[in-house]
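Feature list (source: TrEMBL):
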- 10-48: repeat 'HEAT' (REPEAT)
- 163-201: repeat 'HEAT' (REPEAT)
- 202-240: repeat 'HEAT' (REPEAT)
- 241-279: repeat 'HEAT' (REPEAT)
- 280-318: repeat 'HEAT' (REPEAT)
- 319-357: repeat 'HEAT' (REPEAT)
- 358-396: repeat 'HEAT' (REPEAT)
- 397-435: repeat 'HEAT' (REPEAT)
- 475-513: repeat 'HEAT' (REPEAT)
- 514-552: repeat 'HEAT' (REPEAT)
Amino acid sequence: MATMDEPLYPIAILIDELKNEDIQLRLNSIRRLSTIAQALGERTLKELIPFLSENNDDEDEVLLAMAEELGVFIPYVGGVEHAYVLLPPLETLCTVEETCVRDKAVESLCRIGAQMKESDIVDWFITVVKRLAAGEWFTARVSSCGLFHIAYPSAPDQLKAELRAIYGQLCQDDMPMVRRAAASNLGKFAGTVEQNYLKAEIMVIFDDLTQDDQDSVRLLAVEGCATLGKLLEPQDCVAHILPVIVNFSQDKSWRVRYMVANQLYELCEAVGPEHSREHLVPAYARLLRDNEAEVRIAAAGKVTKFCRILSPQLAIQHILPCVKELSSDSSQHVRSALASVIMGMAPVLGKDATIEQLLLIFLALLKDEFPDVRLNIISKLDQVNHVIGIDLLSQSLLQAIVELAKDRHWRVRLAIIEYIHLLSSQLGVGFFDDELGALCMQWLEDKVFSIRDASANNLKRLAEGFGPEWATQHIIPQVLEKINNPHYLYRMTILRAISFLAPVMGAEITWQKLLPVVIKSSKDRVPNIKCNVAKVLQSLIPTLDQSVSTSSVFVMIPFLCSATLRLQVIGEYYEYLLCRSWIRP
């Protein structure tokens, strides 16, 4: 008998741990509810589920795990036919005080309700929704708001009318938390309501929410504008949604105005481009000049998207003056938000307007004292290049770029390095040699490793773009000169540059120019340099012929004083020969 019970012993331990005083043990057991349910079989319905329904007075972490597990528990209770048995424990969890537990319980209820049969939804699920909506404690009513869109489609007409009425009452609840939940879920509920009731009842509820005393309710109603606007007919959207958006853009609460600015493009999509041009341009201009910096930040971040809806003339007339003001805004975060999107305005306004209006703004932002502003402009320079051409861009912005290449903030210098190879390929070899070549060499001796590493990789991209012949004359001599730098970190950077350049330069240049420097470095007095020689060799060997490789490897081995380094070099070379089938194992 004991032998028969042995397989169930671990399950018995898990069940006991559900009641253990140690929270970690209870948590581990809850997370393995599926294992317990599989072992219990039919007893899950009669014993485990009732136990979980009563076990609601626990730590929030345990309750959260329980709410998550129950959402995928349908297969363990006998399938969809018995899914209703999972509703009581989740209903209990919907009433607890901790928000994250309630949210997870609502999410699990929605997942289960979406799989239930229509008859079970009417008999069981809607009953749960109504009971929660009538709950004495506000937490139950808050949770109920997230369940109506699951319950409503399967309900008969009489129950649908009752559900709409209940939702209307929740939108007028005495507790602001309940009204917030109702406002937040209104869009999902409205998406399941029939078109005739949408205009007659849901829009009345929505109008009440837009005039709520609490700004936390009104700002959630802003999100509903975009969702409801897509559900309504175009004429109804203009009649009901557009006035609300305009009023919200002038709301006394900055948080509501912030939400309008943040959602503006979605709101424009809801009302359509024609009405956006006619009615929302003044509202947007007001948001760009708002007293609160947070509102200006949100509005500035949408400037390019909004201008795409407008004609270039409207954008120049109404939006560009605001953009000029924002480029010198007192808040660095406003300027940074503007810099992250303003380059995208160039394709919208066209070449002439960009040259006349935007270039001066770009230059002002490139010279901004705040590094993030400069960084945001640099990273989007290619968008302007496509519009006005590289010649004009270089004439206008080159001096600023050269200054930024020496910027005291290393992330700004890094952004310039990432962009320099693209700029060089478009400007041509002659321009690069005159203006930018010296900068690329200076970066190899930067104090920041990320700059030195990016600079070494940049030399490889330049060699690929301009060709090995050009690199032999203009890059290789200057790089190799720096191998004698007294600081070992800079010598390591040169070795890394050699490893990048070798595959591009080919076997002859690598053998004649690069390999002697690597051999010389193997005699360096700094162990770190010798270690890097071993790494560089891995990238050089595939470029060289076998005979050259073999002689070079064995020339360096005696100077690598560490036995580990010597073995590393030999091992890497041996592996390479195996891969090339030059020798047999």
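Cβ atoms are placed via backbone N, Cα and C, with glycine included.
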- Task: For the repeat 'HEAT' (202-240), would you mind checking the mean pLDDT of the predicted model?
- Result: 86
- Would you kindly list the residues that approach the repeat 'HEAT' (280-318) from elsewhere in its chain, counting only those six or more residues past its ends and only Cβ-Cβ distances under 8 Å? 242, 245-246, 249-250, 254, 257-258, 260-262, 264-265, 267-268, 271, 273, 325-326, 329-331, 333-334, 337-338, 340-342, 344-345, 348-350, 353, 357
- Helix-strand-coil residue split for the repeat 'HEAT' (280-318), DSSP-based: 31 helix, 0 strand, 8 coil
